[in-house]
Structures are given as C-alpha cells and as structure tokens.
Amino acid sequence: MYEIKKITFQKIILNILITILFLLSAVTCFEPQYFSIKGIRIIDILLGILLLLFNYYFVFINFKKNSGLKKFFFLIETCLLSLISGSLFLSFLITNVFVKKLLNLSNIISYILMIHCFISLHLFGWKNNKMNIWSLNGYLVTFGTSCFLLGKDIDFSYIILRIFSVLFGFLSLFYLFIVINQISNYKKITVK
C-alpha cells in the first residue's frame, strides 16, 4: 500500500488530523442541532472546509493541468465553489430570509451539481466525442435533476446530512486504517 521508506512522522500526523476531521464531520452531520456555539452551526464551518478541500483536490488540480478555454472554465468552477464554501463559513452572519433560503444546504448541493455538470458537458460532451453515451446521459440527468430540485421548494438537507455522515464515517475508518498501517511501518523503520 505505502512504500515503507516514504513514511514520515509528518505524514502520520497529517493522516491523524484528516481522520479526526472526518470523524468530527460524521458526528456533526448526524446530529447538527447539538453542535452549535452561540448560534454558529459547526456543521456549516466543517462543510465549508471540506468543500474547500474538495475544490482544491479535484477542481483546482484540473485548473493547473489545463490551458486555454478549459483552464478558464476550471477557473470559473474554482471561483464559484470558493464563493459557495465562503457562504457556508459565513452563514451565521446572514440575516436576510431570502438569502438564507438561497444558501441552504439543499440549494448549495444543487448549485454545485449544476456548475460541475454544465462545465463537464461543455468541455467534454458537446465539443468532442471523447465522452461515452453513459457519461453524457449521467451528466444530463444530474443537471436536470439539480435544476428541478432547485426549482421545487423541497428541503432535503436532513437526507443529505445523513448521507454525508455515513460517508464521512467510512472515510474516517479508512484513514484510521491507513494511520494504523503507517504507525506500524514507521515503528519497523525506526527499530532498524
């Protein structure tokens, strides 16, 4: 899994911090009403951090790799995801009811899916034939569903948070397994 010689103490600490972040996210996603400090929901801050990390590891990497029009579209996606994650960070400061409704979790998920599907369809679907029919249909269905859910007044935040809770729980267990393997391999290196 890991090369034993490349395991460092810093990597172990980083993976421990990632494990704690995912575990804390899983617990706060499961019961978000119990985790707030003076009206500030911890789940909004954690989801903002995780959205920024997602933005960096999946979108910004594509921005750095590409050039021309693709780079421009990935820049737009990076900026929009950064704005959305910033709105999650600062959601406790928003007092306007209309803006709060625009920035609830259901709508944010719809925005993210719409932006990603639109950019992926524009870059890979319409212009060239590199995308297979299943991916094209998947993006079209996802884009249509997110537009439909955005137009309806359905709040499915509870379902989304439970799904995130299970996902983050599995990710924390996965990283815990990685940390245990790294610690045992690190001990083997230091003993020799």
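Glycine residues also receive a Cβ, built from the backbone N, Cα and C atoms like all the rest.
What TrEMBL lists as transmembrane segment is 12-34 (among others). Long-range neighbours of the transmembrane segment (12-34) within the same chain, counting only residues 6 or more positions beyond its ends whose Cβ lies under 8 Å from a Cβ of the stretch, are 41-43, 46-47, 49-50, 161-162, 164-169, 171-172, 175-176, 178-179, 182-183, 186.
Listed by sequence, the residues of this chain that lie at least six past the ends of the transmembrane segment (40-60) yet keep a Cβ under 8 A from its Cβ atoms are 21, 24-25, 28-29, 32, 74, 77-78, 81-82, 84-86, 88-89, 91-92, 105, 112, 161, 164. The transmembrane segment annotation in TrEMBL covers 40-60 (among others).
Here TrEMBL flags 72-99 (among others) as transmembrane segment.
Marked as transmembrane segment by TrEMBL: 105-126 (among others).
Here TrEMBL flags 133-151 (among others) as transmembrane segment. Note on the transmembrane segment (133-151): residues 106-107, 109-111, 113-114, 117-118, 120-121, 124-125 of its chain, located 6 or more positions outside it, place their CB under 8 angstroms from a CB of the stretch.
Look at TrEMBL and you will find 157-180 (among others) tagged as transmembrane segment. Cβ atoms under 8 Å from those of the transmembrane segment (157-180) belong to residues 1-2, 12, 15-16, 18-20, 22-23, 25-27, 29-30, 32, 43, 47, 104-106, 109 of the same chain, restricted to positions at least 6 beyond its ends.
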